[in-house]
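Annotated in Swiss-Prot:
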BINDING   413, 416, 435, 446  Zn(2+) binding site
COMPBIAS  524-539  compositional bias 'Polar residues'
COMPBIAS  631-640  compositional bias 'Polar residues'
CROSSLNK  191  SUMO2 cross-link
CROSSLNK  205  SUMO2 cross-link
CROSSLNK  231  SUMO2 cross-link
CROSSLNK  280  SUMO2 cross-link
CROSSLNK  293  SUMO2 cross-link
CROSSLNK  555  SUMO2 cross-link
CROSSLNK  597  SUMO1 cross-link
CROSSLNK  597  SUMO2 cross-link
CROSSLNK  650  SUMO1 cross-link
CROSSLNK  650  SUMO2 cross-link
CROSSLNK  651  SUMO1 cross-link
CROSSLNK  651  SUMO2 cross-link
CROSSLNK  740  SUMO1 cross-link
CROSSLNK  740  SUMO2 cross-link
CROSSLNK  794  SUMO1 cross-link
CROSSLNK  794  SUMO2 cross-link
CROSSLNK  855  SUMO2 cross-link
MOD_RES   503  phosphoserine
MOD_RES   514  phosphoserine
MOD_RES   540  phosphoserine
MOD_RES   560  phosphoserine
MOD_RES   765  phosphoserine
REGION    326-353  region 'Nuclear matrix binding'
REGION    500-591  region 'RNA binding'
REGION    524-545  region 'Disordered'
REGION    613-640  region 'Disordered'
ZN_FING   404-454  zinc finger
């Protein structure tokens, strides 16, 4: 497979030092061991067993890894010893763990400086060497890997390459002769398999980094030495402040949880590792469902309590059945209390991408969202279990301190490697367990598939009553809370810093909000009106507001474009205070020596500027009357900022309907204290995590109300526009009617006084008429701008709703398409199975008829044999009977040969060359086959 470079273009070189550099990605030695185990587990090898052991060869301590998988050819071995070649694919639902084509190189070179690989695949045998020592001795500038290939007759293939590679291997490896290499190939059990030997292990203080002495059936990481306190247990870097689980320093414990559903036996130093079905070995097991927005399908999460050690808890995160992160603490487990102690969560994150060493995930947005969701789900499980157990056993120990047993007992068959569920109470199991030992007769045969799991990926397996109770309590408490909050919100004084009003140029610009948001805030506060309360004394520069104007001017926090995800910015510097005078303040009963000042305020709403003029309003009294006048002036300055002369639009107080329409159509900005109080309300609301759904539903309802109200305003705007057009038309008609035209091409004159008298019924001055006409034009322009603003809000609202509905429809379409695909696949498989069953039925009927025929022939032969035996006694027919017996024996032998060939089609393991047709062996085999066929047909 050595690629030749294009002419004139150089290949990228790989320095031998990269072997060590590449291995440094494994900061923990067991992650390097896991890479070699993964290579045996992957579907292209599909090993049933792997043996890991420590041995000594030529005074070198070595680690050996031997599996009984499919083995490799010399070309495939070359790819394995090269970098980045990974052609692993899923086979029969078995998903490969390997992704990058780098696991063997990084793992083996992390454990030791030199590695040799022996492999055979039934047709050929190969030996390959990956050695840093060899490359240093020959001073190689590129990584070279000697490979020797043998055929099944132990003869070398490709003599030119193999001789040079053989010489290099014999000189720089632990095996000095060809016979020793072949002996290692013979050490591989069976016709296929692979054996890896690693030596020159990484050492620390003249000793290897592994402890082989403390447990003769385990490989452990030595305990850390502390000169002051003495020995202390080994801890991974990320667990320096936690209790380290045994899997951190024991290879046997780590291998037992390495795979979510183990399909391969691991024999460590001669003793089988008792692998765990992690998701089944917990207590109080419940399942929850995670629905990420970035994924079209749901993800199952399993929660339970650790039965062995409550101090080992957290999330077990798997990827393609392989453990990536163990005991990752999330949610309430991160707090400095006993919440979440003992709870273990299990999730298979196939939608995340693992890092280079398969010990962590890439820190992406998807990973962060997943960790957050896991924390919320774990909090729900913890609260539910806490409430449930305290309710059932109020005087008992805390749930984390109760002695627990796994909810179920599962064991793996040593023959077929299938997992079987056992009845409760079966703790003592033999060293080797087979399906035939199963008490359940339904799963007593290795041919029977495993017990199917619950495939419900839509609903959790438990009801979150604690969450619902909190939600109901908050719903009951909310009506009592909102009036109190609104009262504080409307009458709470806010101190303003005086430097911000030193110059008109330093005034903070007003905030522009969408009309839909402001109308929602106005309605929300109007729904919870409270009677006015006495305002406490304060040095605030703001004037008192009437209850109605305060409610109208209050502003809710900013909402996102979809009205779902709310964001509040507390430290906002671009807020100012604007008081909009819509109603005349009644004249106080007692006259005060206070200057009265008319106010004019500007409201900018989405690019539309609207002006209002209110009547004079007296400043409210505070505790000190001496400073009331100055306080009033400052309050006016704070409210109106700068007095800008502008066109005055006079409001007709007599037309109440028009005033109400204007008050509702124009959305008013809010005060600073209103926004601050809304933020406090939101913080109070956010204490309950479940309130998000209710708030979302409320926002959707408010959105519908906004849309309806907007349509109403639009209709009213159109109505007023039509009325104004009618008035304009009447004015034009009056002009045409009462205009005197001169025939001498002089200017046309209009009797304005007569025109006004005709329209209004009374005499009006021309100046007043012009002002009213200008006012009408301004009113038309304002209504047009309001109309355009409302149309803009409607477009935004419709776009938000369309986006929501579109995303939901897309998600439903994807799920429905997946269901239809699965249904089609199931129907195709069902048809295939039907056809196979029909063929088997036909074959069975044919075999049954043939067996019946053979039975009758055998009975006939037996009867003829008995008759001939009785006739032998007569001396007169001795020669004839002998000849007859010879002929019958020949017939019987030929019949047995035919029966044997037929049985070979039914029983493939039957070796006809070892069958003696002169005895009744074939008859016994035929009888057994007939009995089995009858049992099968009866079942």
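Backbone N, Cα and C atoms are what each Cβ position is placed from, and that goes for glycine too.
The binding-site residues recorded for this entry are 413, 416, 435, 446, and the Cα of 416 lies nearest to that of residue 191 (SUMO2 cross-link).
Taking only the Cα positions, the spacing between residue 794 (SUMO1 cross-link) and residue 416 (Zn(2+) binding site) is 65 angstrom. Listed in sequence order, the residues of the same chain lying 6 or more apart from residue 855 (SUMO2 cross-link) and placing their CB within less than 8 Å of its CB are 930.
Looking at residue 435 (Zn(2+) binding site) and residue 293 (SUMO2 cross-link), their Cα atoms lie 43 Å from each other. Within the chain, the region 'Nuclear matrix binding' (326-353) has long-range Cβ neighbours (under 8 A, six or more residues past its boundaries) at 239, 242, 245, 247, 257, 260, 278-279, 282, 290, 292, 294-295, 299-306, 310-320, 361-362, 364, 366-367, 370-371, 374-379, 381-382, 385, 398-400. Remark: of the recorded sites 191, 794, the most isolated position is 191 (fewest other Cβ atoms within 10 Å of its Cβ).
Residue pair residue 413 (Zn(2+) binding site) / residue 205 (SUMO2 cross-link) shows a Cα separation of 43 Å. Using residue 280 (SUMO2 cross-link) as the reference Cα, a 10 A cut-off selects none from the recorded positions 205, 293, 416, 446.
When the recorded positions 293, 416, 446 are screened for a C-alpha within 10 angstroms of the C-alpha of residue 205 (SUMO2 cross-link), no residue qualifies. The Zn(2+) site, placed at the center of the C-beta atoms of 413, 416, 435, 446, has further neighbours from the same chain whose C-beta lies within 8 angstroms: 414, 415, 417, 418, 420, 434, 436, 445. Within the group of binding-site residues (413, 416), the Cβ with the highest number of other Cβ atoms inside 10 Å belongs to 413.
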